[in-house]
Structures are given as structure tokens and as C-alpha cells.
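**Student:** The active site, 4-aspartylphosphate intermediate annotation in TrEMBL covers ASP421. The feature Mg(2+) binding site is assigned by TrEMBL to ASP421, THR423, ASP818, ASP822. Look at TrEMBL and you will find ASP421, LYS422, THR423, GLU535, PHE577, LYS601, ARG630, THR710, GLY711, ASP712, ARG792, LYS798, ASN821, ASP822 tagged as ATP binding site. Summarising the annotation, TrEMBL assigns domain 'P-type ATPase N-terminal' to 67-125. Marked as domain 'P-type ATPase C-terminal' by TrEMBL: 845-1073. Per TrEMBL, transmembrane segment is recorded for 84-107, 122-141, 336-355, 361-381, 874-899, 905-927, 957-977, 983-1004, 1011-1030, 1045-1066.
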Amino acid sequence: MFKGEQNNNSRQPSESSYYFSDDTAFLPSGAADDSTFCGLTCAGRCHSCCFREKAYHARVVNLGRPSKTQHFPSNKINNQKYSIWSFFPLVLFEQFSIFLNLIYLVLSCSQFIPDLRVGQLYTYWGPLGFVLCVTFIREAIDDIRRWLRDREVNQTSYSKIVRHGQVRVTSAEIKVGDLIHLDKNQRVPADMVLLWTSDRNGSCFIRTDQLDGETDWKLRHAIPPTHALVNSNGQPSVLFDMQAQVFAEAPRQNIHSFEGTFVRTDISPLGDVSIDAAEVSLNLDHTLWSNTVLATGGAIGLVVYTGEETRAVMNSNRVRTKMGKIDREINNITKLLFALVVLLAFVMVALKGFSGAWYKYWWRFMVLFSYIIPLALRVNMDLAKIVYAFMVVRDNDLPGCMVRNTTIPEELGRVSYLMSDKTGTLTQNEMIFKKLHLGTVAYAQDSMEEVTQGLRLHFDSQQNVTDGQGTRQMRRTGNERMAAAVLAVAVCHNVTPMSEDDSGLGASPVDTKDPLELVDVTTNPVGYQASSPDEIALVTWTATIGVTLVYRDQHYMSLRLPNGTLMSFDILSMFPFSSESKRMGIIVRDRASKRITFYVKGADTVMATLVSYTDWLEDEAGNLAREGLRTLVVASRSLTDEQYEDFSQRYHTAKMALTERVEKMQAVVATLETGLEVLCLTGVEDKLQEGVRPTLEALRNAGIRVWMLTGDKLETAECIAKSSRLVARDMPVYTFQQVESRMDAHLELNAFRKRCDHALLITGSAMETCLRYYEHEFIELARQSPAVVVCRCSPTQKTQIVRFVRYHTKARVAAIGDGGNDVGMIQAADLGLGLEGKEGRQASLASDFSLTQFRHAARLLLVHGRNFYKNTAALALFVIHRGCIISVMQAVFSAVFYFVSVPLFPGFLLVGYATIFTMFPVFSLVLDKDVPDRIALTYPELYKTLQKGREITFKAFFIWLLISIYQGGVIMYGALLLFEDEFIHVVAITFTALLLTELLMVAITIRTWHLLMVLAEIISLAIYALSLVVMRDYFDPHFLRTVGFLWKVLAITAVSCIPIIILKLIHYKFRPSIYSKLK
């Protein structure tokens, strides 16, 4: 029997006391409810059986003893898309699920039937095989990369604590219940509960940027009983002598919360050990999620979730697949091309006559004209997208830009709306403390010396109060108010000072001394770690005026005062900030006076309902907001020992609850948030990013409507909108009144209808009311406004706005942001732009394009987006033209020779035409530019012409179809007219003229020549010239050396191209495009 193993007198949890709300699946359900069972339809039961989602349940994890009865997922990571056996079937299935690919496959397969064969098999299987080979290679490379990454992670070695020491195990071998030892900078392999750290206080920092994208370090705390046990013994294996269990909630996606309970079953709570040692409520602060990194010291964790049940894997679900509008437009055109093939084959059969097995001839003509179907178009476009991504990444004017989604680069050229966050996107997210307001007096930057002097006088007077004169007493009273406000700001936060060892927490073993006695009074922190730049700005400001945070852990805090003395506090309770509560709180005990104080700070809208009435708070908060400052209200309340003890017991009971724990804890805290005294109002400035004003002006001139969506209050949002020039100086602003009913919304919309030329300023709640009752009307009116600012906007509302605008306008909507609260709208937008900012990398990781500055968005859209869209349209139309022209020649040839279903060109020439001879020149169009980058940025109005999508439309398609009909007819009829004796000469003349026509059409389409374009033309001609020499079976070498061959080819090429060139010159002369004027 192990030490401490339970006996009859040891404490046992009751059978039902530790079940979570979703544990009922483990319990016998008793008699079934017949009415409920009979009420289920057959369809419902079939659906539940066939599409049953995996059920997750809470669990009991024994310390260091993996369960042999419960089955948990393996910790082996497998992100591969294919296996060795499924690779070819799945890739083929994906490719032939595309309609046109399937049609081409059917046509190619028909060539195995002798009666339907019209040429060599490789003529049709060659292009299809080329497309499939490119796809196989691309998918194989991607999957091999995923396999290599998985293997690297799975083979990572970790130290596992066992009873007699430590053993090495790989990440894939880790199981639920294992005790894993982690070193500094080591990745956490599975979701764990923290048992011990090398810090004397049981704390450590972790980096979570690979999990949630946030770059600030997170503070975590070990379970006190396990941490104390290991420290007292000195050996981690002592944990095996403890009979303990962790009751953990069911696996879920939420990475920001955790509910569990640590229970020791080898001691009694009624003995010498306190109840906190027998039962400990576990929350997020006690966890180490998989894929985070231990930033400081060493740690031991108990594995509670592995593999697919870890938070990291459960949050790795793919977002919706975005498809570019140009892809949809091209898909529609290709469907029309297929209909054209069917119709053309039917016409040929009709002209031939419906006699005999006419359907065989119809199918043979379908095969002959199948080159109209642009099979290689998808490959060309996929390669073009890769080139576009390379061009963006290599752009020196876009430092740090990353392309995370290569499927939609053309969308950069079609944006009509840009939804922008404010903080960290338009502003720098570098908070600078600007103003302190005490109600009767305000202190700005230029009067901070006065604050410093007042603090010094106050704290000196606390040590030596000798002057009793009235004027001195009045000054001391004012200084006391100032000191109380500054102390509140210096204490109420979640900031941790960083020392030289990058931890801010001592790395020495536990000492019997008070940790605060080890603080070096003369040493300043090298930096601070916090969850928000606002927090760091406030603590940095208090340090500049003499109140410096020099030590902080989960139990203690120490401040150095202006006179050099230390003021120490015991941290009794901490209530972190949340987006729902919009406030945070802390309860501390002054070690010198033993006074207990509850400090709270938060948004003015929330705090106004919690504090005692003041006649200045609302007005002054509005004034600071109009200056563009972010405001926080700081308040406090003194507690007696009895009040705190009562609160502590009720809060502990709520923390131990196994159901609705968070709600119960919030309800207990709410009992303290009454009668709070306002201490001060703070104002923090967030400066605009460099280049925001010219960028917004350029986007506005480009026809892109910018909407600012922010969580700040109305006055702050309006101030930033004007200072950033989102709202022009001479532009009137319409402030939408707060509406709560249908009638209010109706009246306010009618009022705004008369002022649609104004910039719209509206709160998130008012907008939500309008969308609830007048969704279409509100969007239609808002889209007419030159600028829209939505303040007090939640992340959910941001996402809704993006979806509503996309749905009602049918325009392309982009979204740009830098924080986790912007991820929803970035993913919902047609084009997501993420900034890597101080709030982390969440937005960047969720985006399609990652930027480092907002001003880079102008170049990305106006230069690259414009080029990508125009070049993709040109590439698509040329590939279509390439197939149509050769099919027209085939149709003319068949018609002239009595509708014979025989191919005009040999198989080698047909295959080489699209894959060798013309591929590089046509593909080189992706490098084209109609105007230099400088012109595109100087004249953003050029972008407006693209938003209507006129580059690739049915009109453009039919124009190119007419060109194909004309050129194909000229080449074929010209060759037949000049035909003399042998048919092989016709093949040489027509194919050479066809190739020269295609190369010449590319040349007259190019607007800015690039060296690679010239090389593509030369190499294509050289390859064709070499093939004329080598392929003697297809060409007559003697005829090729005659002058007759040369002049016939040149004459036919001239007739096919010169009229097109003349029409382009006439169009350029009388209806020049905007870019041609600027060029």
C-alpha cells in the first residue's frame, strides 16, 4: 500500500458530489420517457444514428495513474489529408467532381471505343494527364510537408515523472494522467493542469501566440498543495505518495475558461490541514494548454486532455472556404462554353444530315471541339495565384506582408467596402497616459510635476505630521485625494513587473522568509507584462510620478513610493477583466495599516451604474472622449474584516460549484459592487498610425467606402474619425439617436434619409435595433453615406455588419483588424486583412493577407489588387481564345470537307499547342502592368473602373469569341485558298499562322514589357522552330525552306491580326481608357 493510500477513515467524495452538468451520460437514466421516445420521427432517429456527433464527457483523472478503464484519444498529431492508399482515389475524386473535368474525362474515355475515336489517344489524354500530374505533385508536396511537421511534433521528447525518477517519452506516447516535466521554452504537448513550478510562489509565464495569437505572456499558478509537497520533499516523485484526483470538465473549444476541482482523498478537511489543501477550485490560471510554450523556469503538469480533445485541436476547425468572384464568373463562362460545344456539334450533324448512326458523329464532333473547354485554365489560374503571392511577399514597399490564402488574390482589385477596426488598426495601440481627473481638478501632461510633488508631500506627511495650520491641512486633504487615486491606479491591474531573468518571479527555491523581504528597493523593473496595453500605460505612468510597481505575484504586491519606502499589500482576491463585464477588480490588504480595500476600474458606461452619484463623471468622460482619449473610471470601497470573511466564504462556495460556477461567482462579486466611491477618471491616448490620413483619402478616392467599427464610446469614435480624415473636415456628421423600438427606428431612419450625404455615426445597439426591424432599409441608407462610424460595437455586431453588407449590396467587402475581437469579421468578409499588432497575431493568423501597417492596405489594393484582377481576366480570356480559335479552324475544315469528323492537326501538335508552344507567352500576362505603381497610387480613381467587374463579363467573352471566329476562319480559309497540292502543306501553313497569331495577340495586349515576357515569346518560337526540324513526319522540310511557305504564313497572319490592331488603335484614339491617358 502506497503512503497516504486511503483507508476506511480517509476522505472519499460522495458518489454524486463531483459530477458536472454533462456527466448524466454516465448515470443510469431509469425508465425511458415513452412520450419522448415515441415523439421521435423515423427520419430523426436515422439522422441521429448516421450523423451522430461525438459526445464529450467530464472526467476524473488520478494523479500520476493513467486510467485503464477509460479510453482517451491518442496524443499523436495527424494533420495529413491523405494516406498512402487514399491519395490517388481522393485526388481523382476531387478533380472529377468538377463538372468540366468530368466531361473531359468522359470524352477522353470515349476514345477507347473504335467507332468514336477521332485521333490518337494521347491527343486527349495528354492535356488531361498534364492537369492531373500538376495536381498530384502539388497535393503530394503539401501532404508530405504536413507529414514532416506532424512527425517532428510527435517525435519531440519529454520527461515523464514516474515513481522511481524520470523517463523519456515522445509526445505521441503521452497519456491522460501522466506527469510531464517541462523546461523553459519547451512546447506544452497536451492540455495539462499545473502542479509545480520552479518559482518559489508556484507561478510561471507561458506564451500563447501559437494558440490564440496574443503576444503578451500569461501568468499561471500551480495547485498549492502539490506545489508545496514537491518543494518540501525536493523530489517530483513524491507526488505519487499523494492520493489525489482532478475532476475536469468535458473537453470544449473555449480556451479562455476551465472548470475543475482538485481533491485530496488521503486527508480530512477537519484535521490539521485546511480545506483549501483538501479541495482546490481549478480555473484557467491552473492550466497549460497544448501548443503553448513555457516561457520561464520549469514546471510539472498533469495531463487531462490529449489529441483531438485538446483545446488547440478543437479550435483548428477550418473556416469557410472563400471563392473569388472572378472564379464564379469564369465558371459561368466555361459552362457556356460547354453548351457551345454541344450546340456546335449538333449543328455540324444537322448540316451533315440525321441519317444512320448520327449520334456517333455527334459525339465525334463533341470530341473534336472539346478544345473549346479550357481544361488548362484552372491550372493556369492556380499558378498565377502563386505568382501573385510571390510578388506581394517580395514587394519591398510591403515589409512583413504575408499571403495566407492564395485562392483569392484577385479580390484585392474588386473591393467596394472596407470594414476597419480602430484601436491598433487606425491607431498605434501604444497607450500614453494623458490626463487624470479627480472631479474638481484635472491634471494633464504638463502638470505631472505637480502630481509628483503632491504625492511626495502626502507620503512624507504620513511619517511626520507636525504642521497643523489650516492652509497646510487643506493642501494635505487635496494631496490625500490625489494619493488615493494614484494608489488605486497602481494597485488595480493585472500587471507583472519583469526582472533581469525575464520572469519577474524569483527562481530560487522556497524560503521561509516573507517574499516581500527579498525585494530590492533600489532596482527598477526592466519591463511589464499585462493582458492589455492600457494596463501597462497606467502602471508606467504611476512609475514616472514616483509610485513604482517593483514586485507582484499571486499573493503579494509591493510599490516603491516617492520617498523610497515600500508599501506592501496582500492580494486577497482578483477579478479579471472580461468583455462582458467591461471591468476588473481586486481586493488587497495594506500590510502596514491592515486595511482591506476593494478597487474596481472599468468603462464609464458600466461604472456609472455601480458608483455613488457624482455630478461630474458623465460630463468629464464625454470631454475626455472628445479629445480622443480612452477613459477608465477607478473606484474603491473599504471592507471590514467581517465583511471580507463573509464575502470570502460565499465566494469560495461559488468557486467550488460544479454547475454554473462562473455565474455564481459573478453574483457574489456583484454584492461588493455597491456604494463604490469614485476616485478618479483616467484618459489614455492612442496615437494614429503613420500614413493613416493619406491612406484613407486614397481609398475614398478609389471608390472604397470605409466603415469604422469600434468598441469605443461615441465621442472618442467621432474624434478619431475626424482626426484620421475618415470624415472629411467639411463633411457634416449625422449622429443617429439611440433607438430601442420599431417606431423609434422608423422615425430616425426617416430623419437620416434626408441627410444621406452626411457621415453616419451610430452606436452598436441602435444599429442592431434598426437591423432587427428594417434590415434592408438601413443598409441601403448606410451605403449612400460617404463614411460610417459604428461605436460601442461588439465583435458579434462587427461580424453581422459584414454579412449584412455582403448580402444586400452584392459587392466585395474587405475587413481589416488587429485583435482577437476582429477575427469574426475578418473571416466573414470576402477579403480579410490582418495586422500584426500589440494585441497579438489572432487577426493576422485568421486573415487572407497579413500586414504590419494600415497604410500598406492602399498599395496592396490599389497596385497589386488592380494588377492581379486585370491580369487574371486577360489570362482567362486568352486561354479561352486559344481553345476557341483552334476549334473554329476545325469546324471550318470539317465543313469544307463535307462535315468529316477527322482532326485537322496531328495529335502532337494539338497537345503541344496548349502545353508547349503558347503556354509561356500567354501565362506571362500575369506580369503585365497598365500603369507604373507610382501612377496607380497617385491616381486612385483608376481603381473605380474595376469595381463594376467589366474586365471579364459575357460582353468581353463574346468579343473574344468573335475575334476567335474571325481569326480562325481567316487562317483556315486563307490556307485552303493558297493550298496547292499536298495536305501536309495546309497543316504547316495553318498551324504556323495560328501560332504566330497567338503570339502576336499576346504582344499587342501587353502594356508594359518585362524581360520574362520577351524570353517567353522567343523561347516559344525557338521550340516551335526546333519541332519543325525534328518532326519530319508532320512537316515537309523542303516546303518549309521555300519562300512560298514564308509569304503565305505571313500574309495569313497579317490578315488575321492587322484588323484587330487597327480597331484597337481606333478605340485608343476616340475612346481611350483612363489609364492610357495617364500613361
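The backbone N, Cα and C atoms fix where each Cβ goes, glycine too.
Owing to the predicted nature of the structure, the values given are computational and were not obtained by experimental measurement.
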**Student:** Near GLY711 (ATP binding site), which binding-site residues out of THR423, ASP818, ASP822 have their CA within 10 Å?
**Tutor:** THR423
**Student:** What binding-site residues among PHE577, ARG630, ASP818, ASN821, ASP822 are found with a C-alpha within 10 angstroms of that of ASP421 (active site, 4-aspartylphosphate intermediate)?
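**Tutor:** Taking PHE577, ARG630, ASP818, ASN821, ASP822 one by one, the ones whose Cα falls within 10 Å of ASP421 (active site, 4-aspartylphosphate intermediate) are ASP818, ASN821, ASP822.
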**Student:** Which listed stretch (336-355, 361-381, 905-927) has the most C-beta pairs under 8 A with the transmembrane segment (874-899)?
**Tutor:** 361-381
**Student:** Could you state the CA-to-CA distance between ASP822 (Mg(2+) binding site) and ARG792 (ATP binding site) to the nearest Å?
**Tutor:** 14
**Student:** For the domain 'P-type ATPase N-terminal' (67-125), DSSP counts of helix, strand and coil?
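**Tutor:** Split by secondary structure, the domain 'P-type ATPase N-terminal' (67-125) comes out as 32 helix, 0 strand, 27 coil.
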**Student:** Report, as numbers and ranges, every residue of the chain located at least six residues beyond the transmembrane segment (336-355) whose Cβ falls under 8 Å of a Cβ in that stretch; write 'none' if there are none.
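**Tutor:** The answer is 99-100, 103, 361-363, 365-366, 368-370, 372-374, 880, 883-884, 887, 891, 894-895, 898-899, 954, 957.
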**Student:** Could you give the Cα-Cα distance between ARG630 (ATP binding site) and THR423 (Mg(2+) binding site), in whole Å?
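**Tutor:** So the alpha carbons of ARG630 (ATP binding site) and THR423 (Mg(2+) binding site) sit roughly 10 Å from each other.
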**Student:** Would you count the other CB atoms within 10 A of the CB of the residue listed as 'active site, 4-aspartylphosphate intermediate', including those on all shown protein chains?
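**Tutor:** The residue listed as 'active site, 4-aspartylphosphate intermediate' is surrounded by 29 other Cβ atoms within 10 Å.
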**Student:** Whole-number Å only: compute the distance from the Cα of ASN821 (ATP binding site) to the Cα of THR423 (Mg(2+) binding site).
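**Tutor:** Pair distance, Cα basis, whole Å: 11 Å.
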**Student:** Hey, which of the binding-site residues THR423, ASN821 is the loneliest by Cβ count within 10 Å?
**Tutor:** ASN821
**Student:** For ARG630 (ATP binding site), name the DSSP secondary structure in the helix/strand/coil scheme.
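**Tutor:** DSSP call for ARG630 (ATP binding site): strand.
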**Student:** What whole-number distance in angstrom separates the two most remote CA atoms of the ATP-binding residues ASP421, LYS422, THR423, GLU535, PHE577, LYS601, ARG630, THR710, GLY711, ASP712, ARG792, LYS798, ASN821, ASP822?
**Tutor:** 26
